Amino acid sequence: MPGITVDGVVAEEVPSGVNSSPQNENLPAPKSTAASTMAASMQSETLEMHVEGSGAGEPSIEQLYNNVCEMESSSEGGSPSRESFGSDGEESRIDSELRHLVAGEMEAMKVIEEEEENGSVANVVPPAPAENGTQVKEQSSNSSKKSKKASKSQLESDASVGPNGKASTEEGESEVSKPASRVGRRRKSNANPQNGTEDAGLDNPDLGPFLLKHARDLIASENPRRALKYALRATKSFEKCAGGKPSLNLVMSLHVVAAIYCNLGKYEEAVPVLHRSLEIPVIEEGQEHALAKFSGCMQLGDTYGMLGQTALSLQWYASGLEIQKQTLGEQDPRVGETCRYLAEAHVQALQLDEAQRLCQIALDIHREHGETASLEETADRRLMGLICDTKGDHEAALEHLVMASMAMVANGQETGVASVDCSIGDIYLSLGRYDEAVFAYQKALTVFKTSKGENHATVASVFVRLADLYNKTGKLRESKSYCENALKIYQKPIPGTSLEEIATGLTDVSAIYETMNEHEQALKLLQKALKMYNNSAGQQSTIAGIEAQMGVLHYILGNYGESYDSFKSAIAKLRTCGEKKSAFFGIALNQMGLACVQRYSINEAAELFEEARTVLEQEYGPHHPDTLGVYSNLAGTYDAMGRLDEAIEILEYVVGMREEKLGTANPDVDDEKRRLGELLKEAGRVRSRKAKSLENLLETNPYTATKRNAVAA
């Protein structure tokens, strides 16, 4: 599922389907929730009010703190008061509130730095640069010089942290552990013996916004581990200042903490943080509380999506949508955006009917409130086109995409038009209109080469589409040529190309090679794609799909042990992701059962076939060809186990259904009838048929029944 964006904090990783196809690229990947759009302004305004509202010309916190240190050290020595930095020439006087604010904020930063130095090696991270590029003005007192020397040496030692997370022991490291000034020594000695320095200054209402802003700056500088420390401490400050009352600042801080956890790949740790954030807002207290709760629901849905728990993800999305409807009204344009976002999530979960319903709601809202051919309506139509195409309604899909393309041309979105052309080409390919599909693909290819460059991954995706088209039309030389062109780009990607995009492309090319019966080449590409995902927590469903396909290829190549291992790993991931009831899960169980048969693990094969039968009966029904195939495999397994009566009963049902659906002359029916005959002969029985009376046969013949009714009249 979706990446997570909360007030500038981005954790991007889109769950994709089990079997990726080139057309999936045109589904807008959820990169940020609608919650981020609405909550961002509230959060940023809060921070700006507390942190940046003091005026652009005021000195920085570090400058003020160094001045405080200098003033205290000079007063201890009996020296007269002097002008402070930025005091406009008046006699130096630092009131208690300023001293409390500056010392409290800097003390919190010192505590975090000391925790990093004395804590575990895994938490050692480089510090962030000084805010806004400001530098502390050099002071004349010895205490300020010592403070600067310690800060400089700390920067040098932190900058020497190696890629393995271990800090190297350089010359400046010993100085960092020394107190920066007499104030630092006195602060440590006067700390609360029960709470230590951890809770120092947390009751300062200005401390939380300061720390949270610093955490956001660290995220922007790609230092999420250090940002997490500041965000956690800001959360403690907000919680202490709230005094048990609902605090939107605390909710905002929890959202940022959860987003940083997701950025670090710690999705399980983000879940309880988000659940806690949902307990704080009180919807009855106003719109801001309601939207804060909506934001938490959407972010929690994103996080569950990254964990592969699709059902929970959709559940929290639905809860967020209901809160937003109650707060803003059902026809608000922002509700339309959320409906489209939920529709995308349902598409990825292959719940196409619900996706179409939500997308239609979004389209109706945007057509009513927006201008003709607005960007919102265009996005709705692109998604609706994909949904209709996936459901097999190609004509309706083509209509939506053509209208979207016309709107994007009017708005001057050439690159977007090229993406729509790719989708239109996919529909022409599904309709068998190959010449029109080639024209659409070539048109998109020209635009992508011009706008993105000839070695861009988007160009490679069009090559894959053309390779698939020529493969289906029997032009294998052209198909293989386009596959090779795509692989050249994927093997040497340009900077900025995501590994997920490359892995998806390799998977698509592998599928084409598999249809060409080049199974070894297809297997190599899948292995490369699997390494790129690196067992990512947010891509377990996609990884399971790749492993299952590898299991199929190993089975075809006769590597039954490797096939069994691949299927076992894939099924374990699918169970964890909550996809135990999907049709794909049932098919994977059936394939693993076949691998067990080849390894002579008959009992395990029977268990797998029985579970696959239960899943496919629920998803497809007892008459579906895939379900009948599992029945046939289970009958053969029962026969090998000596359970002859059960095997005969299942096989009689399979033969009867195949005769009804395919006809008695079908080769598949003949094969099943031969197997059934052998089992009956071995058991000394004959095939039992349900006899029908002549009365029933006549009643089921519409021609005979109509003729008889006419005579009676």
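Placed from the backbone N, Cα and C atoms, the Cβ positions cover glycine too.
Per TrEMBL, these features apply:
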- 1-101: region 'Disordered' (REGION)
- 17-26: compositional bias 'Polar residues' (COMPBIAS)
- 32-44: compositional bias 'Low complexity' (COMPBIAS)
- 72-87: compositional bias 'Low complexity' (COMPBIAS)
- 90-101: compositional bias 'Basic and acidic residues' (COMPBIAS)
- 115-205: region 'Disordered' (REGION)
- 418-451: repeat 'TPR' (REPEAT)
- 503-536: repeat 'TPR' (REPEAT)
Take the repeat 'TPR' (503-536) and count its residues per DSSP category (helix H/G/I, strand E/B, coil), listing them in that order.
-> 28 helix, 0 strand, 6 coil
Take the repeat 'TPR' (418-451) and find every residue of the same chain, 6 or more past its ends, with a Cβ under 8 Å from one of its Cβ atoms.
-> 22-23, 25-26, 382, 385-386, 389, 394, 397-398, 401-402, 404-405, 408, 458-459, 461-463, 465-466, 468-469, 472-473
In this predicted model, the repeat 'TPR' (418-451) has a mean pLDDT of 92
